[in-house]
Amino acid sequence: MRTLLVFLLLAILVAVLIGNIQVEACKDLTECSPYKLCIKGICERMIG
């Protein structure tokens, strides 16, 4: 019973962390550094 409770708490913690990462995704070009572009919510380096 105790291991099940620990497993559920860990699963909830992981879900919250994943949710926070998705919320912090970039939405426009101004959120990334000068040499990066916002592509599909992720700051990617410019090529070239």
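Cβ coordinates are placed from backbone N, Cα and C, and glycine is handled just like the others.
The signal peptide annotation in Swiss-Prot covers 1-21 and is backed by sequence analysis.
In the three-state DSSP scheme, Cys38 (disulfide bond) is classed as strand. For Cys38 (disulfide bond), the Cβ neighbour count at a 10 Å cut-off comes to 16, with all displayed protein chains included. Summarising the annotation, Swiss-Prot assigns disulfide bond to Cys26-Cys38 (among others) and lists similarity to another entry as the type of evidence.
Cys32 (disulfide bond) falls within neither a helix nor a strand when secondary structure is assigned with DSSP, and so counts as coil. What Swiss-Prot lists as disulfide bond is Cys32-Cys43 (among others).
Residues or ranges marked as isoleucine amide in Swiss-Prot (evidence: similarity to another entry): Ile47. Reduced to three states, the DSSP call for Ile47 (isoleucine amide) is coil. Within its own chain, Ile47 (isoleucine amide) has no residue 6 or more apart in sequence whose C-beta sits under 8 angstroms from its own.
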TODO: Quick one: pull the CA-CA distance for Cys26 (disulfide bond) versus Cys32 (disulfide bond), whole Å only.
DONE: 7
TODO: May I ask which residues of the same chain, at least 6 positions away in sequence, place their Cβ under 8 angstroms from the Cβ of Cys43 (disulfide bond)?
DONE: Cys26, Glu31, Cys32, Ser33, Lys36, Leu37
Task: Cys32 (disulfide bond) CB neighbourhood, other CB atoms within 10 A - done: 17
